[in-house]
Amino acid sequence: MTTNIHDQRILILDFGSQYTQLIARRVREIGVYCELWAWDVTEEQIREFNPQGIILSGGPESVTEEGSPRAPDYVFEAGVPVLGVCYGMQTMAHQLGGGVLGSDKREFGYAQVEVIKPSPLLDKIEDAIGDNGAALLDVWMSHGDKVAAIPEGFETIAQTASCPHAAMYNEEKQFYGVQFHPEVTHTRQGMRLLTQFVMDICKCEKLWTAGAIIEDAIERIKEKVGDERVILGLSGGVDSSVTAMLLHRAIGKNLTCVFVDNGLLRLNEADQVMEMFGDHFGLNIIRVDAEGRFLDRLKGIEDPELKRKAIGNEFVRVFDEEASKLENAKWLAQGTIYPDVIESAGSATGKAHVIKSHHNVGGLPEDMELGLVEPLRELFKDEVRKIGLELGLPYDMLYRHPFPGPGLGVRVLGEIKKEYCDLLRRADAIFIEELYAADLYQKVSQAFTVFLPVRSVGVMGDARKYDWVVSLRAVETIDFMTAHWAHLPYDFLGKVSNRIINEIDGISRVVYDISGKPPATIEWE
């Protein structure tokens, strides 16, 4: 590879905003590599990372409070452009000699910003033109404090009626601050603003593309594992599937995939995984039929957390047994992605908020002698999907709705039985089939069916029946942290209900879940 795709890089310092990962995803979309670190990173770490620009995120705290987060002084001494977003702008102003005050009017939600002075950051960006000829921007605000006095050397470049310094910059040092959130879609020109910062102000090149990421990953896999054998637990989910395709392209037959059919998958899913990866793509894949083992292990267990643990532990046991049969295996591959590994490891003081502390290895023995290969470790989910398309995986598979790790184990309420799983599989398949037929599948964020272990009276022909109940669940959400129930058409719901009751012997009633998150969770267990 002639160009190192990591050479052009932006550093994002996290001050605790719920939108921080979104900033990183936007920078990646622009085509530039970036990393997300805790706000209290050391000077040495910044020097070693050697960014071409730094972005300071928003955050929930107040700059005016003692002990609130601050950017390292070196951020403003490194000689690279800096963009402060919301709290990031406030701490920039405070640290460089300006003033920040609590505002008598808190701004949350839509606002219109007036551009009052030209700058490289807001150049040629407008949503409308005001009566005075000034550019107006539709933006998303989320702040209580505001910059009351800008630091020496800065100029105000935008304002709102209640926020006189909605954006500021220091032309000489190329420091910029915006009180709004350019990373969210509600800020209509936010992507253009970030692009102008990353490409025009920081002078980055667009090296971070799907094709380049694949080429880089393949080179690194080859360099790491050489001619040695790699094992991968293939689930058929997005992350493990893309990992499998990357490894297959890099090392071919030296990859062995182990697919564990635990009896908790969707209708025909196990056969589809084998057909796609074994027959179509030619991967070396071992199928383990472990339905009986898993169902035996789950007998008598009703508590959702105990079910999850039982399923996870049994999977590790089955996988370890299969791995031990493979001679000369030196490496274990996993589909760990970037949000899994973002944590407070970069926190020098221990004060930084943990975004997420997680590792995909959970449950593997500590004395495991296999080395670890994680080719997706730097990637966000949307990037994984893009390179999956580039590698030839089908769109419908990459953009399927989320499916929980324990599978139907948490969609059958209470104790798991084969009868319940078989009924649920068929009902869920009808629901999903009808969503596709009505062109509704991609319009909802997640849809599935839940088996309720209660019987209900019904009538079929002239006969009374006393059978099981299922619930349909469909939600709309951006981040899965909050969700609204999807307002699917009544005629559609009626059709799905009629098909399930008429086609599946054993189900007498279908209900629709109209709970939002909060207070309910998306999954029932």
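Heads up, the Cβ atoms here are built off N, Cα and C, so glycines get one too.
Feature annotation from Swiss-Prot assigns active site, nucleophile to Cys86. Summarising the environment of Cys86 (active site, nucleophile), the number of other Cβ atoms within 10 Å of its Cβ, over all protein chains shown, is 26.
According to Swiss-Prot, the feature active site maps to His181 (among others), an assignment based on sequence analysis. DSSP assigns His181 (active site) to coil, not to a helix or a strand.
According to Swiss-Prot, the active site annotation covers Glu183 (among others). Its Cβ taken as reference, Glu183 (active site) is surrounded by 27 other Cβ atoms within 10 Å in the chains shown.
Using a 10 Å radius centred on the Cβ of Ser240 (ATP binding site) and all shown protein chains, the other Cβ atoms total 21. Look at Ser240 (ATP binding site): DSSP puts it in a helix. Positions annotated as ATP binding site by Swiss-Prot, on the basis of sequence analysis: Ser235, Gly236, Gly237, Val238, Asp239, Ser240, Ser241.
As annotated by Swiss-Prot, domain 'Glutamine amidotransferase type-1' applies to 9-207. Mean pLDDT of the predicted structure over the domain 'Glutamine amidotransferase type-1' (9-207): 93.
Summarising the annotation, Swiss-Prot assigns domain 'GMPS ATP-PPase' to 208-400 and lists sequence analysis as the type of evidence.
Looking only at Cα atoms, Asp239 (ATP binding site) sits nearest to Glu183 among the active-site residues Cys86, His181, Glu183.
Between the CA atoms of Val238 (ATP binding site) and Glu183 (active site) there is a gap of 25 Å, rounded to the nearest whole number.
Around the Cβ of Gly236 (ATP binding site), a 10 Å sphere holds 21 further Cβ atoms from the protein chains shown. Ranking the recorded positions Cys86, Gly236, Gly237 by Cα distance from His181 (active site) puts Cys86 first. DSSP assigns Cys86 (active site, nucleophile) to coil, not to a helix or a strand.
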